[in-house]
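A.B. asks: These came from Swiss-Prot, pasted as-is:
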- Thr72, Asp155, Glu217, Lys247, Asp251: substrate binding site (BINDING)
- 218-220, Asn252, 281-286, Glu304, Asn339, 360-362, Asn408: NAD(+) binding site (BINDING)
Amino acid sequence: MTTSELPARTSPTPDVRNGIDYKVADLTLAEFGRKEIRLAEHEMPGLMALRREYADVQPLKGARISGSLHMTVQTAVLIETLTALGAQVRWASCNIFSTQDHAAAAVVVGPHGTVEEPKGVSVFAWKGETLEEYWWAAEQMLTWPGEPANMILDDGGDATMLVLRGAQFEKAGVVPPEDADHSAEYKVFLNLLRERFETDRGKWTAIAESVRGVTEETTTGVLRLYQFAAAGELVFPAINVNDSVTKSKFDNKYGTRHSLIDGINRGTDVLIGGKKVLICGYGDVGKGCAESLAGQGARVQVTEIDPINALQALMDGYDVVTVEQAIGEADIVITATGNKDIITLDHMKAMKDQAILGNIGHFDNEIDMAALERSGATRLTIKPQVDLWTFGESGKSIIVLSEGRLLNLGNATGHPSFVMSNSFSNQVIAQIELWTKPEEYDNEVYRLPKHLDEKVARIHVEALGGTLTKLTKDQAEYIGVDVEGPYKPEHYRY
């Protein structure tokens, strides 16, 4: 189908109350959301410590932050930390299924507002968006009244891509045509840019020139940043938050260890113990997946392309196999690679009857959902984000969670607050770095320095009741570090 054949797109209309524009599922859910936010604040010591440290300084004053990150209760605490430090914020979710509607409502109303007179932040997010609605919300999040956004906080790179590709196409004077190989989502993306090219040409260039920097939350988005940088297309500095140790080794592993089985249990309520499980990928996320499922008594196998990760899996006690070797016997299959086409249509047809298939990587192309939808298989929705797909030729069925998108956020509520406190503390620090020290950053991808990573960890060690050993001056000199840290070189692998 070409663009000219696509049905006319009807965009949502923002609601406006008390001067705040927004689009959420139900603003009356705000009270429930506020109760959960208060509970989460207790479990997010890093963010609360940053509020206490910087509240008087207001280091983000003047920052207009456009945020694209799962609109959860934990994200609400992040948003209100950014505003407590002086920033103005507009927000959208980075996934069509991950929004917690009560959290979105609470952020719009704000801690001191009411449903009738909200005093919070502009949010454009609700659970169960269509692709058209998702990209509409992304544009709203980037569209400020008056001056354009000057900071981006991203998860997965969609906000960054929208700005960079939009500016690139404006410079070229044309939005490229659709290609047969483009996904349905990329066609929606191009259609949005094509519409804006006709109605507001120059919009994305103005935003790109205004943005002082972007901070990126996740592996997939970081990969995009490095690709933009390598191609000479990154026109503002970026901080790779994902590779901060207190993010990647905690959010990616320990957070996944908690939220994967939560998503499987809420989605299917099947017994995990004794089942054969195939985990595709053994990075930090895959390690958390394998550990959680093995802890439930599952028999875990792992696929890997990297011999180092494969050796780790073997020494952790897991068989390392190929998808083709294991797919026919697995009761549960989870993708965690950050790559595409990990589970193909042929793989799905080879799966056991009523085997469970889910993804915990950022995008929905690890599982070839487009091929499944074209295959003629029939889809029966059991409940939201749980679908039974039946192949006519064999009569076999598979259970697909969250349409191949993040099952821990689609079928459950994502990582717990304490883990996200680590990640989001890094986000706040990174935003402060780029906003207050623009002269120190070129249009490249950076990581936060080690002493800031250790600062985040120290706060959370104390919150859990841990007591750190103190080096003597002689001991510090002996190993070549300062008494107060950093304690490891940048190349150290935790």
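Sequential numbering from 1, following the chain as shown.
Backbone N, Cα and C atoms are what each Cβ position is placed from, and that goes for glycine too.
For each feature listed, report its degree of burial, its nearest neighbours and the pertinent distances within the displayed model.
C.D. replies: The DSSP secondary structure for Lys247 (substrate binding site) is helix. For Lys247 (substrate binding site), the same-chain residues that are 6 or more apart in sequence and have a Cβ closer than 8 Å to its Cβ are Glu217, Val241, Asn422, Ser423, Asn426.
Using a 10 Å Cβ-Cβ cutoff, Val285 (NAD(+) binding site) registers 29 neighbours. In the three-state DSSP classification, Val285 (NAD(+) binding site) falls within a helix.
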A.B. asks: Which of these binding-site residues is closest to Gly281 (NAD(+) binding site) if you go by CA atoms: Thr72, Asp155, Asp251?
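C.D. replies: Closest recorded candidate to Gly281 (NAD(+) binding site) by Cα: Asp251.
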A.B. asks: From the binding-site residues Thr72, Asp155, Asp251, pick the residue whose C-alpha lies nearest to the C-alpha of Thr220 (NAD(+) binding site).
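C.D. replies: For Thr220 (NAD(+) binding site), the closest Cα among Thr72, Asp155, Asp251 is found at Asp155.
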A.B. asks: Using only the Cα atoms of Thr72, Asp155, Glu217, Lys247, Asp251, which the record gives as binding substrate, return the largest interatomic distance in Å, rounded to a whole number.
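C.D. replies: Max Cα-Cα spread across the substrate binders: 17 Å.
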A.B. asks: By CA-CA distance, flag whichever of Thr72, Asp155, Asp251 among the binding-site residues is nearest to Gly283 (NAD(+) binding site).
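C.D. replies: It is Asp251, whose Cα lies nearest.
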A.B. asks: Show which residues of the chain containing Thr218 (NAD(+) binding site), separated from it by at least 6 in sequence, have their CB under 8 Å from its CB.
C.D. replies: Asp155, Gly156, Asn242, His362
A.B. asks: What number of additional C-beta atoms lies within 10 angstroms of the C-beta atom of Thr72 (substrate binding site)?
C.D. replies: 24
